[in-house]
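Annotated in TrEMBL:
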type     : residues : note
COMPBIAS : 1-16     : compositional bias 'Basic residues'
REGION   : 1-159    : region 'Disordered'
COMPBIAS : 37-51    : compositional bias 'Acidic residues'
COMPBIAS : 52-63    : compositional bias 'Basic and acidic residues'
DOMAIN   : 71-148   : domain 'Casein kinase substrate phosphoprotein PP28'
COMPBIAS : 81-149   : compositional bias 'Basic and acidic residues'
COMPBIAS : 150-159  : compositional bias 'Basic residues'
């Protein structure tokens, strides 16, 4: 009997292994991660015991046995542990890092001089500030005089 427009695909069928196959270990079911990991550990232990007993030099591929190759890219980098790191050893900075640090120090020095008023720009700013303060003081005096004049007119108008 048809199930509509589309047919079922044969990949959708499931295969269940029988208990006998499972006991015999011949089931086609994929192994779980834990089983694979346990088998890998057993294999590693066997290979380590074999390699310790043999202690033969490793065979090299092709011309490696004949020619010594000193390729710095092939050297495995040695990982240092935290306890092995030399704290007193100073690392050299790159040119960009040095320039960046110098730039920051120069900016800090300039800002200190700026605060003390010793730079050209600081002097100009202070001159501008004094001029603005004078103008504001004069404007405040004018306002007070105008206010006093208005009040004086009001008082005279009432009389």
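Each Cβ is built from the backbone N, Cα and C atoms, and glycine gets one as well.
TrEMBL entries are annotated by machine, without manual review.
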What else in the chain is close to the compositional bias 'Basic residues' (150-159), if you only count residues 6 or more beyond its ends and a Cβ gap under 8 Å? none
Secondary structure composition of the domain 'Casein kinase substrate phosphoprotein PP28' (71-148) [DSSP: H/G/I, E/B, coil]: 54 helix, 0 strand, 24 coil
